[in-house]
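Novice: Take this structure first; my questions come after.
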């Protein structure tokens, strides 16, 4: 300490010891960092006030200039103005610490001005908030020409005082705007007497400083009343300090503020933004809403404990998160840790338990603990508003609510709620998001924590009040407006019921298909699934089986519930097992709606199918190329052709993060070991690293890879974080990156073709790479490691040490192996295949353990969860599926091929189709039982037919052979040779003696199959995919109508083989043909995007039907012959008037679906009901349409897709089809 300052202290020692209260001053000095907690304790241990004062002064004499300045400022702030004047003349101008303290924009002049004005020094631990500081300075510059008010407002502990002090720590601001000085006055909660003392102290200080500058001026007696004090202050500020700034810190009451309404320049800090409304002059304000960023808060903690942020213990980040960005709480905890550096875990636990009373005062803050600071804010409310504010305890963190939600809770009009909220907002007890209309409101996490702690015993009753008020307001049903209030109730009603312990209400709500339908339509399925996961323990007490039914239904149909227009939930639920509560409720609703004309289909043979997926999510619109679990298993990240990165919960599919990540396809994504980071790589040749929690971009590597980057992978351990990437580059195709550096750390050579995959060994010692050159490298050596995929249909397992192949896994189908992954907890390997499947193999027994079927396109990736309990797969079908490893199994169900035939006979249903083992199966459509199964055929079966007159079935094969078998004995009745290429279609004539076949060899053959006699119909130049029987009048002769890819229609005499007509119909391939019920007309459709109607009498075109924008794939006449339906490859269906060719209706959805179609794919088949009022269509799914209106009546979503045809019973009540993954559907109308 400078000698002059020391001498002044010694001279004034007796006066200081006599008057000061050391406990008041030490808080400020601790905040300035010149006094430690131990020193405070030693001083407080003295028995009397005077002895404490003497001990403080004795300690002060051993300290430096900064301690002297801090002591001087503490005297001013605690209204010891007369004592501060004793020390004023000896204030040190500069000290090394003070120079450091004022280094940011401060000068010696600034230091002197602020010290004279009593402006607090920076805290010993200080982190800048430049955006807020600049905002305050910008407002202060507006006071340069005229008096006015700048209000800095924010909640308790948001750092308002430090911000106000920092904003005037600027040389240019003081010299240009406030050459008369800056004068600080701490206010707080005062009565009139205390306020008078504060103003008296300020006037004394101003007069004393004025006398020093102008000795001719005299000191006045202290003003005796508040009114006199106000006038004295007005005189001083207008005449002696005309261009000065008065800072009023911590104003609570408008009556206090009026005492300073003296036409001067004022900066005030407050929790109530509306206080300045009571004074005159120009006004501006700065809101302190945002807290500290995580890195700023970590820096503060590091400064308190004299460390570096990156070397803080693992609890540091958790403490920062619990502090919710509050500068006050971070500083309080930091100060405590400076005293007790081994208590990181203890203070974290204290914060987590919301024990705010234990976060004791250790600064100059005006309250002994954080809870008192919060309570003080609430106490200034009126009693009525205090009660309403306590009700806000029920809100969830980080949730913004509209006033209408509280209008339900408080039974007030929304406008009345807005008025109450305005009071809360003005007092910084509530925050308003003005970017939404209507406004949304929210509490800071600390405010919510405090309310929850304060009302711990009454929380249940508060939540009960919310539920009861909701039930009263919405007794007729939940809101469906879709506005913010509606969204709130659908998202949080279950939360309030659970918190209120209203278990019966929760059961009734969540075990209701009506609630599921409405919430899924408004919120999507992920929130619903999350509810069943989050409240599973409560629901299981009532009925765990039913909870499982609802959760399974949502998990497996969630991707359907994301579709728009929204699907019929009752129809979706009818596909659930008959034992499911979901199915039971759906069937009751379907039966009731059927009585009012509703159309619903029951999947009668669904019991033979067991779904193995645990969760199905559709996170992207487009192919998904990569998906991965986080290391804690709670999250899944996915990416693909949509150019986006998405993160969602692994339990429910609820979206946590979505980023437009790249300018091209995103090919891979990977979590860092701590799950804080995500890396992505893309066809745009860039590698990016993202912060998972905030969704912010941290690093872009874009200059080194010259071709698309195929794969990226972080190291597995925290020891040293590296990122490996591999690409299509010619030579430098594998790189290692340190994410803190702008360029790659290492580049690996060796592969001469694109490198498709890379991964680190578990200990991060080795990096393996696999390439299109057929090799895999480990650490630069040419030997194989782990599981390797072959571009054909096999995978190999190698020993790393010896490079010996331990196992070769050959899949049973001709399919490309896309990806494989080894389970971390067992000997299982998952293999992704191009034929839409995932297989699990045991590498010890070399046996396939499971088939995971359900994807509708190529599977690009598989990955086990870290504990091996789950397996995910991603596909071109735009879905990610999650499987339970111990529940999937090798399926015993036989998949059927789509080329089938069905016989409806007096209520019985017979289905004939080939299976995936190339056997012919005949099944009972009612029971699903196999009536007959042939031996494996030597050549692939391509078509089947049932003979209606005898117990015989026919099949056509790829080698051109036709066989007729007796059912159920399997006896071969005929083997017909003649076709030289694949038989595409076969059909028995009604009397059963004749079998007609068509082939890729361009011919049609008419067989007397019992004798082997054959008539060959030759003339087409392209393959003949189908034909139809045409009965013409008046002769009633039956001819054969055939069509071909050659664009022609031909009419044949089946007996002689004579070609009766040869019509060139279209410029493109003829794709479909249908004959009208009376045989007078037939229609053709073509790849040339047209359809035509022809007369079977004149053989001339009657109508040309234009309008389709894609290949016209199917057509069908109505039973009365008045309408023709046509369907195209874009999913559009058109209804035409046959008489004049006019367009009647277009049956299509408003928007394309996820398959970029109006029908999930091509429209492949069409059927009218007997009364011509309903039209049935197949494509990616099955739809029923109202013919008159052209509107959809119902949609059935199969598990697979790409339906080729559907068989319809004569009464239009039963429908049979097979999807592309081999599942048979027998659908029966619900009566």
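Positions of Cβ are set from backbone N, Cα and C atoms, glycine also.
Pasting the feature list from TrEMBL:
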{"type": "DOMAIN", "residues": "1-90", "note": "domain 'CARD'"}
{"type": "REPEAT", "residues": "659-700", "note": "repeat 'WD'"}
{"type": "REPEAT", "residues": "748-778", "note": "repeat 'WD'"}
{"type": "REPEAT", "residues": "852-893", "note": "repeat 'WD'"}
{"type": "REPEAT", "residues": "976-1017", "note": "repeat 'WD'"}
{"type": "REPEAT", "residues": "1017-1062", "note": "repeat 'WD'"}
{"type": "REPEAT", "residues": "1063-1095", "note": "repeat 'WD'"}
{"type": "REPEAT", "residues": "1105-1146", "note": "repeat 'WD'"}
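How about a rundown of where these features are and what they're close to?
Specialist: Long-range neighbours of the repeat 'WD' (659-700) within the same chain, counting only residues 6 or more positions beyond its ends whose Cβ lies under 8 Å from a Cβ of the stretch, are 625-632, 635, 637-647, 706-718, 721, 723, 725, 727, 737, 739.
Within its own chain, the repeat 'WD' (748-778) is flanked in space by residues 707, 710-717, 719-720, 722, 724-736, 784-786, 788-789, 800, which lie at least six positions past its ends and keep a Cβ under 8 Å from the stretch.
Residues 559, 608-629, 631-633, 636, 638, 640, 650, 818-826, 828, 830-834, 836-840, 1154, 1199-1202, 1220-1221 of the same chain sit 6 or more residues outside the repeat 'WD' (852-893) yet have a Cβ under 8 Å from a Cβ within it.
Below 8 angstroms of C-beta separation, residues 942-950, 952, 954-964, 1023-1027, 1029, 1040, 1042, 1044, 1050, 1052, 1054-1057, 1059 of the same chain, each at least six residues beyond the ends of the repeat 'WD' (976-1017), sit close to that stretch.
Residues in the repeat 'WD' (1063-1095) partition by DSSP class (helix H, G, I; strand E, B; coil) as 0 helix, 19 strand, 14 coil.
Away from its own ends, the repeat 'WD' (1105-1146) comes close to residues 1068, 1071-1078, 1080-1081, 1083-1087, 1089-1093, 1152-1153, 1157-1172, 1175, 1177, 1179-1180, 1185, 1187-1190 of its chain (Cβ-Cβ under 8 Å, at least six residues beyond either end).
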Novice: Taking every residue in the repeat 'WD' (852-893), what is their average pLDDT?
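Specialist: Overall, the repeat 'WD' (852-893) comes to a mean pLDDT of 84.
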Novice: Reported in the order helix, strand, coil, what are the DSSP residue counts of the repeat 'WD' (1017-1062)?
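Specialist: For that range the per-state counts are 0 helix, 24 strand, 22 coil.
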